[in-house]
């Protein structure tokens, strides 16, 4: 389920270019910042359009996932974002606003991806294997970004600047055809699955109340009840902090390195690959470790708290290390660590959505994703205002670290791995 990357083109240059650091003062950094920001205006505008689109769809998409299932909603989502990608060159050739509209459509379509993924994992995997399954799925997301970034310059050199949009869009349509024909929505719909395997998968899912076709989520999801429970707010807070850190790193680290170290990350091959490969690998490792802990008797609640604590405290400490780094090589190492350790959160809050409300996992995921998108917009825009006022990135990195630590505390106090009664039946 790898997504086409929406980040701007990244050219490649060897890491050894980072080894000749130059120092800069805050005044010099502030003086040059406007020039650097002007060079990234189009990318930021594109990102903002994507995020506003992504803000709209998760709650509605999550409710659709709970009703129709992840297979169908994912197929429509991928088809729409493939169409948006394919039409991007045509839109860009006509007007900026038309192009930005395709980015909004891309964001809206991609908003259903994670709820659909979580729904499929909930249906297809027993509780003791879900962390590994989510780790594999999220590794696909990260590797998709990496492959797209590495292939885009090659495609552009042969097919022009719009080549990646056309090729990735066409591959998306092909993926939809394979997905529809090869994937079953539930284990019970798969004719090839054995009775033993079906029992193994569904044995741990008997806590989920089976609803009739006429009853099944035809009513509006109980938003007030969902928001009345502290575990819901723990999930919302965790998703918001995860998105804040992810998009701040994605959007502002190239500017940070350019301003502080005079290094262009957009020309560094390691930035387009290494941190995201590290995130994919460590996310899978975290999933395996998480499932092993549960299989060995550790409670689900404690396991989720351990994984999320690593996923927040690790990046928080790493950003402090990056802030104190005296050379771009050391700073890049801290940055890679921060991105990699964030993936432990996939075995924390991301799996926890399925556990506290399996019947509302989609809409709950959508609610937390919407909060995460607000946080992403606030973080990326807020970083710019902060730097404009303070003349330095370092204070904003310290603020982000403190937010990581406070979010860890909130999660460890209020999160649970047990099912929460949102229907008032227990």
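Glycine is no exception: its Cβ is also placed from the backbone N, Cα and C atoms.
Feature transmembrane segment, per TrEMBL, maps to range 134-155 of the set 24-45, 134-155. Counting Cβ pairs under 8 Å that are 6 or more residues apart, the transmembrane segment (233-253) and the transmembrane segment (331-351) reach 3 or more and are in contact. Counting Cβ pairs under 8 Å to the transmembrane segment (50-68), the stretch among 161-180, 306-325, 331-351, 363-387, 393-414 with the most such contacts is 363-387. Contact between the transmembrane segment (331-351) and the transmembrane segment (134-155) is supported by 3 or more Cβ pairs under 8 Å, counting only residues 6 or more apart in sequence.
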